[in-house]
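A quick write-up on the structure given underneath.
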Amino acid sequence: MALINENYLKLPGSYLFSEIAKRVEAYKAANPDADIIKLGIGDVTKPLPEAVITSMHKAVDEMADEKTFRGYGPEPGYNFLIEKIIEFDFGTRGVSLDMDEIFVSDGSKSDTANFQEIFGVDNKIAVTDPVYPVYIDSNVMAGRSGTLGADGKWTNLIYMPCTAENGFVPELPIEKADLIYLCFPNNPTGTTISKTELKKWVDYAKANQAIILYDAAYEAYIQEEDVAHSIYEIEGAKEVAIEFRSFSKNAGFTGTRCSYTVVPKEVMGYTAAGEAIDINKLWNRRHATKFNGVPYIIQKGAEAVYSKEGQKQIKALVDYYMFNAKLIREGIQSTGIEVFGGVNAPYIWLKTPKGMDSWSFFDKVLNDVNIVGTPGAGFGPSGEGYFRLTAFASRESTEEAIKRFTTKFKL
Ligand code: MLT
């Protein structure tokens with residue numbers, strides 16, 4: 001008899017974005033003529049940059065020729081890409097990393113979900129609330145969550161509320177946390193924290209022998225000074241932090257799949273007997289065992305992101321989406337709805353008006369103006385009463401959405 005991992009049975013019916021897609025499909029079936037604008041899932045809409053496409057075409061030709069064909073690549077990624085990552089993403093910010101501290105992968109979703117595997121089941125997990133659901137669901141699957149309470153919280157997890165009341169800045173937990181998930185610029189709130197605030201987390205982790213799992217997938221969207229692009233800009237972070245980076249949101253790789261994870265060799269975990277173990281070695285073992293590397297063609301595309309043209313083209317992409325963010329922020333604000341985020345991130349987090357709950361607001365917006373957003377409650381209990389809009393749609397759709405909000409949407 002094949003016994004299942006019963007932790008899976010604890011999970012809510014479907015992943016948040018699948019649930020939203022289901023509801024939208026049902027609405028479409030009932031209203032086939034509705035012109036629906038999707039500002040829900042944070043998926044990019046502009047094509048891959050020219051430099052990336054050119055490089056990938058060349059790589060395809062190499063794969064067609066016996067002399068340049070490649071089979072399995074190195075599991076952690078090709079040196080040509082890792083060298084560029086180290087030079088451009090870290091060297092320029094005064095952070096030095098070794099080649100074997102970078103692991104190229106197929107996405108920050110998979111890496112943030114999988115990284116917990118190398119830690120014991122009894123670790124205490126801390127998450128910000130609201131939060132990207134993958135961090136929680138992957139720990140539920142692993143058996144670390146306890147049970148889901150009526151308050152929408154898992155009994156064994158530490159929740160750090162991020163709401164308008166605390167400026168969306170999490171407070172250090174009172175209960176001792178072993179693994180801490182942080183995401184800045186934040187998904188879903190679209191807000192971020194200063195270097196001074198981030199330093200408190202690094203100090204906390206050092207004092208508690210904890211590890212920070214730092215998701216920096218939206219790093220390219222940072223506009224303001226005093227916001228760290230990498231957690232390693234903070235003194236001491238290389239001893240306590242793992243950083244996740246992605247090509248999805250800066251270079252349009254959501255469907256192409258390429259990301260990387262930084263695991264400095266100073267980061268230690270411990271055996272029950274108290275022996276310090278190099279986390280880099282464990283992740284390397286896990287990565288090499290379960291993953292055969294990102295395709296050569298895709299890594300060649302990612303490499304081109306760092307070329308002179310590539311850098312210019314990804315800046316133009318980010319500027320494009322950030323202008324959408326400004327349109328949404330200002331447009332929604334003009335209706336009297338309170339708006340947050342959208343300054344250092346492509347997400348706008350708004351307070352649902354008149355005390356309406358997130359899912360009712362989702363239904364109302366879909367029904368009244370045919371716009372899809374994401375209900376804040378889907379990201380955790382502290383997301384209740386909020387609603388997320390993404391700036392990743394086309395300019396035309398964004399402008400049309402704002403026109404509908406400002407002219408047709410009535411509360
Ligand atoms: C989101 O909408 O929160 C993200 O796009 C999801 C993801 O990147 O996996």
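Cβ from N, Cα, C; glycine included.
Residues Tyr15, Gly42, Lys109, Asn187, Asn292, Arg388 are given by TrEMBL as substrate binders; from Tyr132, Tyr204, Tyr270, that same site also lists Tyr132. Site annotation (TrEMBL): pyridoxal 5'-phosphate is bound by Tyr72, Ser108, Lys109, Tyr132, Asn187, Tyr218, Ser246, Phe247, Ser248, Asn292, and the candidate from Arg93, Arg144, Arg257 recorded at this site is Arg257. It is Asn292, among the binding-site residues Asn187, Asn292, whose Cβ has the fewest other Cβ atoms within 10 Å in the structure shown. Note: the CA-CA distance between Arg388 (substrate binding site) and Tyr72 (pyridoxal 5'-phosphate binding site) rounds to 40 Å.
A 10 Å cutoff on Cβ-Cβ distances gives Gly42 (substrate binding site) a total of 24 other Cβ atoms nearby, all chains included. Checking the binding-site residues Tyr15, Gly42, Lys109, Asn187, Arg388 against ligand 1 with a 6 Å cutoff on the Cβ atom leaves Gly42, Lys109, Asn187, in sequence order. Lys249 (N6-(pyridoxal phosphate)lysine) is 12 Å away from Lys109 (substrate binding site) when you measure Cα to Cα.
Residue with the densest Cβ environment among the binding-site residues Ser246, Ser248: Ser246, by other Cβ atoms within 10 Å.
The binding-site residues shown are Tyr15, Gly42, Asn187, Asn292; of these, the one with its CA atom nearest the CA of Ser248 (pyridoxal 5'-phosphate binding site) is Gly42.
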